[in-house]
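Student: The transmembrane segment feature in TrEMBL is assigned to A:48-72, A:93-112, A:132-150, A:157-179, A:199-223, A:244-262, A:341-361, A:373-391, A:423-444. If you look up TrEMBL, you'll see A:49-471 marked as domain 'Ammonium transporter AmtB-like'.
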Amino acid sequence: MSAALTCSAADLSSLLGPNATAAAEYICGQLGTVNNRFTDAAFAIDNTYLLFSAYLVFSMQLGFAMLCAGSVRAKNTMNIMLTNVLDAAAGGLFYYLFGYAFAFGGSSEGFIGRHNFALKDFPTLTSDYSFFLYQWAFAIAAAGITSGSIAERTQFVAYLIYSSFLTGFVYPVVSHWFWSPDGWASPFRSPEDRLFGTGAIDFAGSGVVHMVGGIAGLMGALIEGPRRGRFEKSGRAIALRGHSASLVVLGTFLLWFGWYGFNPGSFAKILVPYESGSSYGQWSGIGRTAVTTTLAGSTAALTTLFGKRLLSGHWNVTDVCNGLLGGFAAITGGCSVVEPWAAIVCGFVAALVLIGCNKLAEMVQYDDPLEAAQLHGGCGAWGLIFVGLFAKEKYVNEVYGAAPGRPYGLFMGGGGKLLGAQFVQILVIAGWVSATMGTLFFILKKLDLLRISEKDEMAGMDMTRHGGFAYMYYDNDDESHRATQLQRVEP
Amino acid sequence: MASSTISCNASDLIPLLSGGANATATAAAAEFICSRFETVSGKFTDAGYAIDNTYLLFSAYLVFSMQLGFAMLCAGSVRAKNTMNIMLTNVIDAAAGGLFYYLFGFAFAYGAPSNGFIGKHFFGMSDFPKPTFDYPFFLYQWTFAIAAAGITSGSIAERTQFVAYLIYSSFLTGLVYPIVSHWFWSSDGWASPARSDNLLFQSGVIDFAGSGVVHMVGGIAGLWGALIEGPRIGRFEQRSKPLTLRGHSATLVVLGTFLLWFGWYGFNPGSFAIIFKSYGTSPGSSFYGQWSAVGRTAVTTTLAGCTAALTTLFGKRLIDGYWNVTDVCNGLLGGFAAITSGCSVVEPWAAVICGFVAAWVLMGFNKLADKLQFDDPLEAAQLHGGCGAWGIIFTGLFADKTYVSEIYGGDPNRPFGLFMGGGGRLLAAHVVQIVVIVGWVSVTMGTLFFVLHKMELLRIPSEDEVAGMDPTSHGGLAYMYTEEEIKNGIMVRGVGGEDDHVQGHVGVL
């Protein structure tokens, strides 16, 4: 039987006998020091964990940049990569100035935060710089997603404007609702204030990050229209293939790698025992989250592999990569509160959802070079529903705090309240992002600031506004050029 | 007077407190103090779990990044027309491996308690986690399993049907590899150094991070695949010398190599699994602990790779007449494959020797392969099989007594490296490891490849091989640089001369 480390010298000395005050104070003082050193150690351990998780999430920027580059035509490569670099950079500035404050700023009401602008009165007991950095890495992920939908035809100025608005305002407000302890739909709210008695569970952001990025991209791509040549007058879709499958695979694997910071890292702390002295603690939940993430992605990849083999007749690596990412986007919401076998179900359905959304997009002549709206929006939404169905009671209580009668997944016997909250989340995110980003894109279009001219689109954005092509394989010198020549492939 | 544990026995404490007359109060005081010490002990245990799991998880993520490294290395080493094929095999490795290792691979490998041959618990992660195995350990082992399967894909690149690939990869990751890892890494395994009794030659095999378990398994499997399906078209057709079918992008080769190097810092040092362990005689008595050994392992890894790289650089300069980056990259990786077995139990100076010899072993095996007309696009069998085997021998020669004792504990008279004065039993056990791995993998994977070959499921038709697997089975080419290429499906080719198969160097990055 163990007790808290608090030690009252008065209590102890009465037990030790008449002359024992000094002894009691000595012992209690030592125990107090021990307690404090534990507190220090926990901060060091948890911050190490969170910082390295943040670096991993940051590497997803690199992954997304490579994925985007490989997925667009060579003549637009520099453009898309510049948007990714600027995402991170502009996001850094705006999230510091007010994004973080709107998201997590101190004690506020349910809609928006209002403290810690430019990190004033920071750090606090609950939030240190590692937490800010981690949240910044998430914010720039959301903005990156949108860039994929509007690639190859968007003016750079429009890009700067929407990206700052998304990272500095639209996204932070959404993250406030679902992740701040004050947010109106947050599962961290005090029990009597929770939406439907539960709050919406979106652990690492199938909705907050992926749906927000995807719906914003949807608005942009809808308003500016498809790329030239994508849909013939008859309605037939032409594939405008990306220029490098190697970059697509490189980018996908880097995103997979970084997802191990995105999902498990969202616990923020690793040193939380579930029963003192037992081997089972938050570190187990974190490990389990890494496993569910892996299984969902793997299953989605395999499902896409065989699905596409049936549908198109060959084994398609770039489609498999997208399917893989769709599985990750889906599991992101529930990765910490479901069993590994459920993650397999999640990934399987996510693959089908992506294939279905892509077919739908073609039918309605919606063009998204990275299929970002379908992947992040569609699979993200599925991920939220999935949580409402498969969340396990034990894990929900461990992660979000035990409360008697707390709702959990419908298929696990937890009733329909959590699923109800998830539906609310989907509707609210779709509504908020459409209203804000849709309006912004519309205004930009009316001001002729959104889409580039047809001439520029045919020539390629790198040539017309980024100083030249991304790739220079020949010098102007004739000698080296003679070494290689393009030749038709013999039949 | 320092105490060695935090545990506290009230009956021991009471006589020390009995200055006061009141026995009940003294007992209560003892209870008071002891229970707080119990809490302290519990909190240290919790902190230990948090620290060790953080360490293991990030190591797992690093090993996972080796998939990416190997994908890029493979892509850069094959011709442009086969790029999508090889990269898809790497993606599917990780994905299919995830599923099969979860379903039964981990169970066969670590399902204790069990017998010496194969494990039998934790199928589909049932009864999980246990105090012995938590989720981070599973994830870490998964990343190792998919590494082994990835290696084999290099040997059979550019000419293997995708269906054959799916079949062998699942079989290797789900059964063949887990069983080998059970023998040498599970506490039940017949050749494991962690056994409580009946150690092989009173020693067990020390293959710390898998020169044998991972590299030899992947390499020997690749050897059989490549042997049975034969060389690529054009590789050995000229009588004078073999034709080099060069990879299409040196940039991707270097990118992949560096990523593998980066990930190796999870592969080797991470194999300790636990970092929070002091080697001092009592807690707090020493700065020297398992964290030091972890760091030393990262150093030996680094030194072996560096030495192998430099040796290859100068060796190839002498033999071929120029400085060759892709050969240096392969040499580097050969050094890593070799040191993987003994990285934790040898001195840094020994790691230099390991890398030096590994470079020559690789060059020698490559020459031998050319002579025997064995074609391996990634030289995977030579590198992982050959340098892996050298690494196992190396450990039997250079394992240091103190390090073996710190890491594997047990009998203070346990065998260690022959050249360090430890007798020949460790080396003997290591020879057994080589023989057994070659035998097991040859029997299983050799048979599988042979069956696939007989069923005409292994190699692709020659028209497909000449045109390239990407246009014929994967929907098109990997690279589209100009509008003309997009319109006409043009592929880059070298011009004129006898070398019609030599690729031009319009690469990707």
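Every residue gets a Cβ built from N, Cα and C, even glycine.
Describe the structural surroundings of these features, if you would.
Tutor: Residues 80-81, 83-85, 87-88, 130-131, 133-134, 136-138, 140-141, 144-145, 147-148, 151-152, 242-262, 264-265, 268-270, 318, 321, 369-370, 470 of the same chain lie 6 or more positions beyond the ends of the transmembrane segment (A:48-72) yet place their CB under 8 Å from a CB of it.
Packing against the transmembrane segment (A:199-223) from elsewhere in the chain are residues 138, 141-150, 154, 162, 166, 170-171, 174-175, 178-179, 185-189, 262-263, 265-266, 289, 329-337, 366-368, 372-381, 383-384, 387-388, 391, 396, 399-400, 418, 421-422, 424-426, 429-430, 433-434, 437-438, 441-442, 445, 450: each is 6 or more residues past its ends and has a CB under 8 Å from a CB in it.
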Student: Counting Cβ pairs closer than 8 Å, which of A:132-150, A:157-179, A:244-262, A:341-361, A:373-391 has the most of them with the transmembrane segment (A:93-112)?
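Tutor: Ranking A:132-150, A:157-179, A:244-262, A:341-361, A:373-391 by Cβ pairs under 8 Å to the transmembrane segment (A:93-112) puts A:157-179 first.
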Student: The transmembrane segment (A:244-262): which same-chain residues, six or more beyond its ends, come within Cβ distance under 8 Å?
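Tutor: Long-range Cβ neighbours of the transmembrane segment (A:244-262): 52-60, 62-71, 74, 137-138, 141, 204-205, 290, 293, 297, 317-318, 321, 324-325, 328, 332.
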